Amino acid sequence: MGKIIERILGLLTVLSFAGVIITVTIQIMSRYLPYTAIWTEELTRYFFLYAICFGAPLALLRNEFINVDLILNRMSNAFRRYYEIVIYIAILLLCAVMIYEGYRFTLIGHSQTSATMPFQMSFIHAAILIMSMFLAVYSVVKIVHLIRNEQDYSQDFGGEDS
């Protein structure tokens, strides 16, 4: 089930970035046409927001976030494991706040509509809630892997988990 969710998140990330590319292309082309597409700037922002929403959980799961690993690589594996558990617990706590506030923010969006697009802002505000939920789930997954001592430190960060 986890691999299916990863593939779906990956596909949605790619589709979101494709949406960014397509809308920016339309925006550039419309500069030379008599019709100016005023909605492209806003839609580009929304596609980019959702690309981050779907891509950030994958980056967390695959250890692809930017980090300073100079100190981490010098730690013993046992200490590093506990250190990373604390980091993922901190991420989980932050996600709990973001889920709560993201839900409230999404509810606010029910009464607002987009400036140039015909939909409620709750659709856009939900990106924070969705991202936070996936980050929380993947933080728990990482904590479980660390507690079970399933983390392989023989490779540097930035690759797939074994």
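Yeah, the Cβs are placed from backbone N, Cα and C, and that goes for glycine too.
Database features, via TrEMBL:
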DOMAIN    21-148  domain 'Tripartite ATP-independent periplasmic transporters DctQ component'
TRANSMEM  7-28  transmembrane segment
TRANSMEM  43-61  transmembrane segment
TRANSMEM  82-103  transmembrane segment
TRANSMEM  123-141  transmembrane segment
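The stretch in 43-61, 82-103, 123-141 that contributes the largest number of Cβ pairs under 8 Å to the transmembrane segment (7-28) is 43-61. Taking DSSP states H, G and I as helix and E and B as strand, the domain 'Tripartite ATP-independent periplasmic transporters DctQ component' (21-148) has 95 helix, 2 strand, 31 coil. Along the domain 'Tripartite ATP-independent periplasmic transporters DctQ component' (21-148), the predicted structure has mean pLDDT 92.
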